[in-house]
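A.B. asks: Pulled from Swiss-Prot, these are the listed features:
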| type | residues | note |
| --- | --- | --- |
| DOMAIN | 8-60 | domain 'Myosin N-terminal SH3-like' |
| DOMAIN | 69-764 | domain 'Myosin motor' |
| BINDING | GLY163, GLU164, SER165, GLY166, ALA167, GLY168, LYS169, THR170 | ATP binding site |
| REGION | 599-635 | region 'Disordered' |
| DOMAIN | 767-789 | domain 'IQ 1' |
| DOMAIN | 790-814 | domain 'IQ 2' |
| DOMAIN | 815-837 | domain 'IQ 3' |
| DOMAIN | 838-862 | domain 'IQ 4' |
| DOMAIN | 863-887 | domain 'IQ 5' |
| DOMAIN | 888-915 | domain 'IQ 6' |
| COILED | 916-1239 | coiled coil |
| REGION | 1106-1148 | region 'Disordered' |
| COMPBIAS | 1117-1131 | compositional bias 'Polar residues' |
| COMPBIAS | 1137-1148 | compositional bias 'Basic and acidic residues' |
| COMPBIAS | 1170-1196 | compositional bias 'Basic and acidic residues' |
| REGION | 1170-1199 | region 'Disordered' |
| COILED | 1315-1419 | coiled coil |
| DOMAIN | 1508-1784 | domain 'Dilute' |
| MOD_RES | THR1734 | phosphothreonine |
Amino acid sequence: MAASELYTKYARVWIPDPEEVWKSAELLKDYKPGDKVLQLRLEEGKDLEYCLDPKTKELPPLRNPDILVGENDLTALSYLHEPAVLHNLKVRFIDSKLIYTYCGIVLVAINPYEQLPIYGEDIINAYSGQNMGDMDPHIFAVAEEAYKQMARDERNQSIIVSGESGAGKTVSAKYAMRYFATVSGSASEANVEEKVLASNPIMESIGNAKTTRNDNSSRFGKYIEIGFDKRYRIIGANMRTYLLEKSRVVFQAEEERNYHIFYQLCASAALPEFKTLRLGNANYFHYTKQGGSPVIDGIDDAKEMVNTRQACTLLGISDSYQMGIFRILAGILHLGNVEFASRDSDSCAIPPKHDPLTIFCDLMGVDYEEMAHWLCHRKLATATETYIKPISKLHAINARDALAKHIYANLFNWIVDHVNKALHSTVKQHSFIGVLDIYGFETFEINSFEQFCINYANEKLQQQFNMHVFKLEQEEYMKEQIPWTLIDFYDNQPCINLIEAKMGVLDLLDEECKMPKGSDDTWAQKLYNTHLNKCALFEKPRLSNKAFIIKHFADKVEYQCEGFLEKNKDTVYEEQIKVLKSSKKFKLLPELFQDEEKAISPTSATPSGRVPLSRTPVKPAKARPGQTSKEHKKTVGHQFRNSLHLLMETLNATTPHYVRCIKPNDFKFPFTFDEKRAVQQLRACGVLETIRISAAGFPSRWTYQEFFSRYRVLMKQKDVLSDRKQTCKNVLEKLILDKDKYQFGKTKIFFRAGQVAYLEKIRADKLRAACIRIQKTIRGWLMRKKYMRMRRAAITIQRYVRGHQARCYATFLRRTRAAIIIQKFQRMYVVRKRYQCMRDATIALQALLRGYLVRNKYQMMLREHKSIIIQKHVRGWLARVHYHRTLKAIVYLQCCYRRMMAKRELKKLKIEARSVERYKKLHIGLENKIMQLQRKIDEQNKEYKSLLEKMNNLEITYSTETEKLRSDVERLRMSEEEAKNATNRVLSLQEEIAKLRKELHQTQTEKKTIEEWADKYKHETEQLVSELKEQNTLLKTEKEELNRRIHDQAKEITETMEKKLVEETKQLELDLNDERLRYQNLLNEFSRLEERYDDLKDEMNLMVSIPKPGHKRTDSTHSSNESEYTFSSEITEAEDLPLRMEEPSEKKAPLDMSLFLKLQKRVTELEQEKQSLQDELDRKEEQALRAKAKEEERPPIRGAELEYESLKRQELESENKKLKNELNELQKALTETRAPEVTAPGAPAYRVLLDQLTSVSEELEVRKEEVLILRSQLVSQKEAIQPKEDKNTMTDSTILLEDVQKMKDKGEIAQAYIGLKETNRLLESQLQSQKKSHENELESLRGEIQSLKEENNRQQQLLAQNLQLPPEARIEASLQHEITRLTNENLDLMEQLEKQDKTVRKLKKQLKVFAKKIGELEVGQMENISPGQIIDEPIRPVNIPRKEKDFQGMLEYKKEDEQKLVKNLILELKPRGVAVNLIPGLPAYILFMCVRHADYLNDDQKVRSLLTSTINGIKKVLKKRGDDFETVSFWLSNTCRFLHCLKQYSGEEGFMKHNTPRQNEHCLTNFDLAEYRQVLSDLAIQIYQQLVRVLENILQPMIVSGMLEHETIQGVSGVKPTGLRKRTSSIADEGTYTLDSIIRQLNSFHSVMCQHGMDPELIKQVVKQMFYIIGAVTLNNLLLRKDMCSWSKGMQIRYNVSQLEEWLRDKNLMNSGAKETLEPLIQAAQLLQVKKKTDEDAEAICSMCNALTTAQIVKVLNLYTPVNEFEERVLVSFIRTIQLRLRDRKDSPQLLMDAKHIFPVTFPFNPSSLALETIQIPASLGLGFISRV
């Protein structure tokens, strides 16, 4: 693309600047090829002429569009170059306070030098399980990606953290390890993750120090491998260390410190255990005072010492070993204070009894003289002899320092080995994630051996990094099948060869170290001779012969040769080491030096796999022939090279992830960005190299759909095809002519660097042109509108002026016209009056004359008409008379003629009738004649009828005309009379008119007078009325004001009291909720510890019961004992479950619940305290009313109960006495009155009497119960029964009892029983049975009517609901209802069948009993009675009907069937089948009915065992299927129902208010199960928490996709295209959830809970928790995703929330508190949509966002990103204003909401109206071994 197309007017470029590195400027005119100068304008408004380089003609780099500024990924920038990268990092760091940014596969982390709240556990949970491209850049995102790729690809991972000292490498590595420890639990050993984290404070204390650049700088490199098992849980870790900076032990530069551990020891010197170390202030010791900065601001070394010791203890370092470590460290400090005195130039000595050396020897346990001798001497060995040589003071000091460094290095390695042993696991490692905390590229004014090794390591790492980046780039191209060429990138291999190849720098250094007289100078000369002018990367400084320069990938570095050989050899005298090894009092010291040679050997690595790199070879005193070890000759450089090769092999075998830490400034100022320092580090850490590699290929990638959506504005309508891919191709070919600038892949379009910016420029130009056109149109419209407004104003003025003139002229014309009209009307009146008189006279004459003529004419016409009528009638009469006469004559003639003809014919017929043939012929003719005659008769009849009708019509017409003529005559006569009267009337009226005119004139005169007086009176009256109204209004106003004041005061007082009461109530509720939450958290913690205890116990059993030969046994991991309960929410439990299920279970002894109950005492006290608080609150609210209600309600109920109990007790006692007396008297009477043979036992009469007596006794018991029930009802329902009836009933009962007693006293009981009583009893029993059957039938009919009514209501409701549903939902609802109806009918039929079966079985059983009794009776009679006696005394058997006993709502089972009951009812029960086919809560009812029977039997052991087994069974089911929502919901519902049953039937008054009398009879009588209710309540809380976890696990994957990512409102894009975001995840989305998915899941949850019969209040709490999870997860992701913070996304979120609110309304759950949990999300969405410019906007935001914390508000404003370039970003000054306004707000500094928070749950008492005695046990449950009682 030509430069002239890009470098146009308004284009922005970057130009170099000495201060800011790069400055932004804008072109003032287009660039043309050949121009030497660019006309620019800087951002501050200064114009500048920028001269181009005449040689290269290189133009300044272009600036990216504003829409790309602040991107999460640097490679998403269209122009990829240094200034763009620097500017993007600066904007994110300074403006948005974002310290993390992606650069391809690299995470760039800038040290903020400030504590940020972005590393808490809530942030870890937010990033856990998320795709890397979905969240904002973070170290946790990199760690999650590594963890996910390890689990998915089953490949080891590495996280390489590098950067300068002080850039934050150690902190980043520490947070990465913390993330792994948090998201994955330990597999076998306890607290493995805690041990991994505990290694950090130990390694920081012994390996970190304060430098000029960093207060906590790591002075060694480390690679930590975190091991995972097959389930990807942490099982251990392993650490490798690299190149410890030992020189810091003996020397520190200005403003630096030694290692932290020394200062921690000095700060803790006052501790009693440290007295023996004889430490003091750090300034006392030579090794800690050289830097002059012993204290770090904000760091307490004493506290850090405590943390270090705690970490050592956690890692298994015993107190004795810890004290040994501290003794060695203290000895090093004292050794540094040892001073030497010179004897001469070649010898020195230590003063006798030198205190520092004495302390050192005491601490080390070595001989003072021996150590003092070898510090001042050394042993030399030749081929023939060995001799001791004194050394100078300088050499002695160097030897002392070398010894101190060697001791510290060995101690460091020992601690590392011990840490590795503590982190080592016996479980086989499946995979690992390595975290490499390595030093970055370093260059100082003086660079020595340490910087050389560091830069060498960075060259190797950079080479590996370049290859990995290149590989990923090419894989993407190959995947999309686009042609690509080899990308040229910087190759580090030449530099690496210069360092490590044969005859390289390290090789020559090692060779020089082997030379007896080798020196730094000779080594430098060898380097010059070998590489100078032969290797382009090697140079020699101009002014030095003791230095060399290497061109590294980042920069040129000049190394000083001085000290290279000494540091490479790192020699320490062996005699000093032998003295330390000889220590007998100190066990740790010899351990540091034992097997030193073995430790150095690469073939004898430590068990942890660590490669020790800082071991120092010990120089032997004498080289023995044949035993010279090559391992002792290995130098530090050689060891480092080998370890680096091992490290690279490890990294190459893993998938690397890169973190580059940047130090923003050298002064540690928070959020201060130094461009110069940042550019240096960006060049050194490879970020710019990544940019260069990306820029060489196709850095910008767009999907076809995104490209089409973004650049649709550049297309014409004819270019848009149905095939989006082809459309994009056609458009690109027109927009970008150079086809090399883009490539078409399978799913994406790849662009070269700068092409997206070019397209954005074209798009912006197009939109700018459109905007200009819109502006032109709008401005024209505004000017037109202004002109029209002015024109309308002018016209209005003209109209008013002309109107005034016209009105004046109109007034003149009106007056003139009025005068003319008055004249006209006056003249017209006179003329009209004269004319009217003449006209009236003429009309009157004409009327009279015309009337006279008309009357004459009328009379003549009337006479003529009457004459014609008379003539007509006369003529008609004459014609009729003549006709009748003629007709009569004709008929007579015809009759005569016919008579004659008939006679003749008769004669013929008589003759013919005598022959048969004639008769036949006649017969045939007669038939035809008869038919013809009949036809003629019919015709004549018809004709007669028609003539008759005509005659009638003529008569009617005649009569009508006659009446009409009569009326006409009458009317004419009347008209004549009226005309005469009118003439007379005219004359009289004329006279009256004249008279009235006079009266009218008088009346008009009077009227004027009256009107004048009335107007005056009216005016006065109106004035008076207005004055009265004003006074009345004032009085009303005053009255209203006073009333308003009184009302306001009353209202204010009321509101104050209500507000105070509400505040107190809220405070009490908060305290109650806090206490409840604290208790439930403790319960949750107890469950977790219990789970942990069970797991450890199972593991211990598993370890103990190792299979032996010939005997195979596997312990169960599922225990059936006690109250074990676990929540399987992690991947580890889910994967462990199949393994546990396969193992056989082993029965254990049941838990004694008394132990668990003792643990609940504290819980009971807390509940009582909460109850007292609640009671106090209730008393404050409704004290008077509630007290009065209680006084009215309690006495009658309590009195009725007491009366019933006392009556029952008295009746029982009296009946017992009566029955005893009766039996005695009866036996006595029988003995006295009957013969011995009759009354002997076994006799028939005796048996009959005894049977009758038994029957009567039973009947009396029945009567007694009826009387007691009646009496209790009379006492408790006095208002329903009249006193008189009460008295009669009681009297009747008393009389009945008195009669019975009299009969007993008289001795007539036998005859009464045999006679009358028997008859009465039979009649009463028959009557009772009939009455009962009638009542049952009536009750059944009522039940059927009620059920039919309910069914009708349900059908009507269903019909109403169906009419509101769409057709598909209507069909589905109808089917569901039909299924429910059929199921209920099926259940009813099953119940009826069961009842009938039971009745049949009962009848059969009674038949068998009766048959058996009859058989026994017959046998007894045959044995005891002779035949004669049988004949003489026949005994008639008496049929005694028994009353069938009602069910008592209990279930009986045997003790040995308890486990079977738990197994069938709990363990193997399928919730779905029970919930669909049976009544809700059936298992709970069954269990309670079993408890009732055990209580009825007074068997405490049975009650305890059943309840314990039930609780354990429920826990076992939830442990086995705890991740199934239906199972958890089912048992939560049943547990609550079981708890409610225990309360409802406990017998406590508070729970019996809603019971029926029958239900009160079912209350428990022998046991108080209040403690078990507490246990069940705790169990319900645990199940509820498990239910919440299951809900969370199901909803979690849906929330972000459905609430944030899915575009619910079509046409409104809430996020940028991925082409602008660039960063994508390594894992493709498996499925996209929408808001409908969430709502469908909510519907599923709600329907399942309703189906299980869960309490409505509990459902509301579950829904509230679900909505809290949705709101918290959505808000947390919003706060961590910059791409989601836009205006359109806020609108999408608000719409989604409204849909959730609509769901709440549909389910009638708006009062559940769920909507309030969404308030933070709603306010966040509103914050994205409101204006964010002025102070008024800031005030509105502060008042609106009261549910968001200050941190959240500021975070949203910082993250706000416009979706397109026409939106404005939030200014930094506006954010500062918000912070100032919210400064006084007291809220949590926490950024994210706690998505794991669970609201405290309560279980309000919900009694059941279901009668226990009506519950049937379905056969499908397999509970045939229990029976109803």
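Even glycines carry a Cβ here, placed using N, Cα and C.
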A.B. asks: With helix taken as DSSP H, G or I, strand as E or B and everything else coil, how many residues of the domain 'IQ 3' (815-837) land in each class?
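C.D. replies: Secondary-structure composition of the domain 'IQ 3' (815-837): 23 helix, 0 strand, 0 coil.
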A.B. asks: Please name the residue among the recorded positions SER165, THR170, THR1734 whose C-beta has the most neighbouring C-beta atoms within 10 angstroms.
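C.D. replies: When each Cβ's neighbours within 10 Å are tallied, THR170 leads.
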A.B. asks: For the domain 'IQ 5' (863-887), DSSP counts of helix, strand and coil?
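C.D. replies: Counting residues per DSSP class in the domain 'IQ 5' (863-887), I get 25 helix, 0 strand, 0 coil.
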A.B. asks: Across all the protein chains here, work out how many other Cβ atoms are within 10 Å of the Cβ of GLY163 (ATP binding site).
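C.D. replies: Its Cβ shell of radius 10 Å holds 27 other Cβ atoms.
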A.B. asks: So if I draw a 10 Å sphere around the Cβ of GLY166 (ATP binding site), how many other Cβ atoms end up inside it?
C.D. replies: 22
A.B. asks: Roughly how many Å separate the Cα of LYS169 (ATP binding site) from that of THR1734 (phosphothreonine), to the nearest whole number?
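C.D. replies: Cα-Cα distance, LYS169 (ATP binding site) to THR1734 (phosphothreonine): 41 Å.
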A.B. asks: Suppose you look only at the domain 'Myosin N-terminal SH3-like' (8-60); what would the mean pLDDT be?
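C.D. replies: Across the domain 'Myosin N-terminal SH3-like' (8-60), the average pLDDT comes out at 88.
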A.B. asks: Take the mean position of the Cβ atoms of GLY163, GLU164, SER165, GLY166, ALA167, GLY168, LYS169, THR170, the recorded ATP site. Which other residues of that chain put their Cβ within 8 Å of it?
C.D. replies: ASN111, ASN214, SER217, SER218, GLY440, CYS661, LYS663
A.B. asks: Is the count of Cβ pairs under 8 Å between the domain 'Myosin motor' (69-764) and the domain 'Dilute' (1508-1784), pairs 6 or more apart in sequence, 3 or more?
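C.D. replies: Yes, these stretches are in contact.
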A.B. asks: For THR1734 (phosphothreonine), which of the binding-site residues GLY163, SER165, ALA167, THR170 has the nearest Cα in space?
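C.D. replies: Considering only the listed binding-site residues, the nearest one is ALA167.
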A.B. asks: Could you list the residues of the same chain, at least six apart in sequence, whose Cβ is under 8 A from the Cβ of GLU164 (ATP binding site)?
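C.D. replies: In sequence order, ARG213, GLY440, PHE441, GLU442, CYS661, LYS663, GLN681, ALA684 meet the Cβ cut-off.
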A.B. asks: Under 8 Å between C-beta atoms and at least six apart in sequence, can you list the same-chain neighbours of GLY168 (ATP binding site), or say none if there are none?
C.D. replies: ALA109, ASN111, CYS661, LYS663
A.B. asks: DSSP three-state call for GLY163 (ATP binding site): helix, strand or coil?
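C.D. replies: GLY163 (ATP binding site) sits in a strand per DSSP.
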A.B. asks: How do the residues of the domain 'IQ 4' (838-862) split into helix, strand and coil according to DSSP?
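C.D. replies: Result for the domain 'IQ 4' (838-862), in helix, strand, coil order: 25 helix, 0 strand, 0 coil.
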